[in-house]
Amino acid sequence: MPPFNCRSAPTRWHILGAGSMGTLWAARLARAGLPVTLIVRNAARLHAYKAAHGLTLVEGEQSHLLPVTAQLPETDEPIERLLLTCKAYDAEHAIAQIAHRLQPGADVVLLQNGLGSQQAVAARVPQVRCIFASSTEGAFRESDWRVVFAGAGHTWLGDTRQGEAPHWLEDLQRSHIAHEWSPTILSRLWRKLALNCAINPLTVLYNCRNGGLQAHRAEVDTLCDELAALLKRCDQAEAADNLDAEVHRVIQATANNYSSMHQDVAQGRRTEIGYLLGYACEAARQRQFAVPHLHALHHRLIDHLKQRGLPCN
Ligand code: NAD
Ligand code: KPL
């Protein structure tokens with residue numbers, strides 16, 4: 001591994017949202033010797049974290065304890081590089097809490113699923129550069145401060161304002177975080193959104209694994225047609241290309257898995273529906289573009305969530 005550039009100290013990564021993805025990134029960056037600080041919600045969480053003496057990263061049979069530093073949002077320390085890893089519905093509030101700490105020209109990486117939260121965050125912090133990310137990695141928390149790297153994957157990062165790739169992608173390389181700079185990150189996010197809209201809500205409504213949708217092929221196909229038409233209407237023709245084929249490929253490849261939305265509902269957690277189906281339906285409404293099947297699906301899902309006492313936004 002090449003030595004650090006001795007002319008300047010490496011920039012610290014602050015990570016806001018110490019959940020599955022945030023701790024997965026924190027642990028890998030820290031393991032590579034990079035300076036990392038977790039920003040946790042409140043004093044009680046900070047106390048609990050200190051009692052655990054750090055983060056544990058579980059990969060297969062191996063586990064590593066990493067003594068990553070942690071602090072509160074209100075700490076008075078400037079932030080030059082931030083990774084935001086809370087859920088889409090928490091992102092705007094979370095960034096507002098630390099906005100005053102962001103230095104002009106800071107980099108903020110937004111690792112939220114769906115669309116809508118990234119734009120809301122970027123509007124709140126115009127003094128920084130927001131980089132959107134889309135990841136196929138999988139992680140879950142086995143217990144407090146113990147994260148399991150459950151699925152190898154890839155992370156695409158990009159700048160919707162077409163800026164250059166940042167030099168700090170080297171940090172990801174050094175940390176063995178599989179990644180790629182994408183000049184078409186918005187298209188990637190739309191494509192992932194469309195996949196999630198075609199699969200996740202139906203798995204909740206039919207209470208099935210992804211493979212269970214093989215019994216509902218006609219319904220999936222109708223949604224794919226409507227989603228592909230909507231993508232084109234939103235100037236995302238590339239994201240619409242062969243959408244149905246990819247949806248069926250993913251259903252087959254992940255047949256034994258429960259979708260993330262199914263897992264959220266099964267565990268009584270809020271879903272990211274507002275940033276997936278909600279975003280798609282709103283995009284259609286703004287363009288006066290009819291998406292009757294997506295609308296019907298959205299309403300069925302909202303009813304389902306309401307019956308379970310879960311938020312429907
Ligand atoms: P998570 O719920 O495990 O973690 C989010 C964390 O953010 C929680 O610990 C929460 O307490 C914290 N948080 C929320 N608001 C905060 C605030 N104001 N201040 C401080 N902390 C705050 O979520 P996750 O699974 O890590 O997912 C994060 C994003 O990544 C989601 O959009 C998700 O869809 C996406 N994603 C997750 C996975 C995965 O495998 N977990 C994979 C790909 C993408
Ligand atoms: O990303 C997914 C999820 O479960 O959120 C897949 C596996 C693609 C299903 O939509």
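Any Cβ shown, glycine's included, is placed from N, Cα and C.
Under the heading domain 'Ketopantoate reductase N-terminal', TrEMBL lists 13-161. For the domain 'Ketopantoate reductase N-terminal' (13-161), the DSSP-based tally of helix, strand and coil residues reads 44 helix, 59 strand, 46 coil.
According to TrEMBL, the feature domain 'Ketopantoate reductase C-terminal' maps to 185-300. In this model, the domain 'Ketopantoate reductase C-terminal' (185-300) carries an average pLDDT of 98.
Below 8 angstroms of C-beta separation, residues 184, 186-188, 190-191, 194, 197-199, 202-203, 206, 247-248, 251-252, 255, 280, 283-284, 287, 289, 291-294, 297 of the same chain, each at least six residues beyond the ends of the coiled coil (213-240), sit close to that stretch. Taken from TrEMBL, the feature coiled coil applies to 213-240.
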